[in-house]
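Take a look at the structure set out below.
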Amino acid sequence: MAAKEVKFGNEARSKMLEGVNILADAVKVTLGPKGRNVVLDKSFGAPTITKDGVSVAREIELEDKFMNMGAQMVKEVASKANDAAGDGTTTATVLAQAIVNEGLKAVAAGMNPMDLKRGIDKAVVAAVAELQALSQPCADNNAIAQVGTISANSDEKVGKLIAEAMDKVGRDGVITVEDGQGLDDELAVVEGMQFDRGYLSPYFVNKPETGAVELDDPFILLVDKKVSNIREMLPVLEGVAKAGKPLIIVAEDVEGEALATLVVNTMRGIVKVAAVKAPGFGDRRKAMLQDIAILTGGTVISEEVGMELEKATLEDLGRAKRIVITKENTTIIDGVGDASLIESRVAQIRQQIEETSSDYDREKLQERVAKLAGGVAVIKVGAATEVEMKEKKARVDDALHATRAAVEEGVVAGGGVALVRVAAKLAGLRGDNEDQNVGIKVALRAMEAPLRQIVINAGEEASVIANAVKNGEGNFGYNAYTEQYGDMLAMGILDPTKVTRSALQFASSIAGLMITTECMISELPKKDAPAMPDMGGMGGMGMM
């Protein structure tokens, strides 16, 4: 086992504090509408320019092991805030730095660290309750646009785009962010259910000008196996031909004789048919076939439940108003499934989202909910260069998370004002002893830090503006973008309650642990063994 270095008391805490301050100072320059960018060097490709707190925090690794421990703990604050609300990472870092700095001063002055932590925890619990009391529901598209604008660094176009996307696909719809082709941002909305499988043969195409298959009022046959024998399908094909409707087959695969016969039937105009592979793989494919069945009012023909393709009837087939199949995608528009069954399926998938621990699974389940419940919107981010594209994409992503958080828990006045108002309301809060009272004061003083940092980044005098805001009431605050005082809600400066709450809770949690640290242990750097000496020439080997 490697030898360890051990530091105690003030020596340990001062090293830890240095690390905290290095990381927090790098992150906090990005806060507010006039926050600056940070350039991150990459071992390959061009440097990345970002204004996203958590991206900056993740890049920081310090050489000194003890300083690095402090930095890594604050990095955890930013990471947790990002996971919980998707935004507010810089605010969380600024709060953590303020609590640690004030708290360690109190410890150095002889206060009991455990009582300080209890005081901080007490203040945070009370502050969260006050924040929720101040919170207002994010009712309309205008409020959603304002939240998105603030989170995207005062970019109004981004805010409006997100509000428009939410309006079109609903609050539960999936909104994804992708690289655009041009300089402008675009919004593409896919109505109905779309999955990433295209037609199995180009001979199915009936709209040559668009290269797509478009079928109106079709039957939908869902099969959970490979289909290669046409005899199995004859009863269904005959029934569909008599009904005079088109047919789309969604199966694990359609190949050989079966595919050839379908193509011939289509080209001769006997039956309009198209075949596509079922989306997903394994268990996910089975689940998605079931989703399509519920959406279209059909039944999945599966041998696992004792159903055979030869015995399938028209009653087993799903229906939809229209289906469009391109080379890459299939879109089912207006399935005729029972609304109550669709709702219960959505509720079931939501339950799975709550229970899953995998981010990948959660994302896929959310996509399934959106496909059943509304649709999918894609925001295509435009930029002149790849570096700008990455930076802008990160901002749009943040704004998207912030708007979702706002819809979930409502909004409070932005610009650090909500925390200042909460601190003022809790001025009379008391702990069980004097040390706890100091802990409460540490937390309440730290709640002013985000406002002060926003003002500092705007190049103004923090103390003057902080006092002016503290002397005001309600939503009165300072708009650093326009350099004016006024009602923050009226000026459209809103923060999601969830983002502010998460930032405060995670910051106080980690900062409290750091204040109560008394000893730090780190591995000593390994000393390299000295190199072998040069052998030189071997003696005594003269010529005979």
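Glycine is no exception: its Cβ is also placed from the backbone N, Cα and C atoms.
Owing to the predicted nature of the structure, the values given are computational and were not obtained by experimental measurement.
Database features, via Swiss-Prot:
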type    : residues                                                                             : note
BINDING : Thr30, Leu31, Gly32, Pro33, Lys51, Asp87, Gly88, Thr89, Thr90, Thr91, Gly415, Asp495 : ATP binding site
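The DSSP secondary structure for Thr90 (ATP binding site) is helix. The binding-site residues Thr30, Thr90 differ in how many other CB atoms lie within 10 Å of their CB, and the one with the most is Thr90. Residue environment of Gly88 (ATP binding site) contains 32 other Cβ atoms, counted within 10 Å of its Cβ in all protein chains.
The Cβ of Gly415 (ATP binding site) has Gly32, Leu451, Ile454, Gly477, Tyr478, Asn479, Ala480, Met488, Ile493, Asp495 as same-chain neighbours under 8 Å, each 6 or more residues away in sequence. Taking every pair among Thr30, Leu31, Gly32, Pro33, Lys51, Asp87, Gly88, Thr89, Thr90, Thr91, Gly415, Asp495, the residues listed as contacting ATP, the largest Cα to Cα separation comes to 17 Å.
Within 10 Å of the Cβ of Gly32 (ATP binding site) there are 26 other Cβ atoms, across all protein chains.
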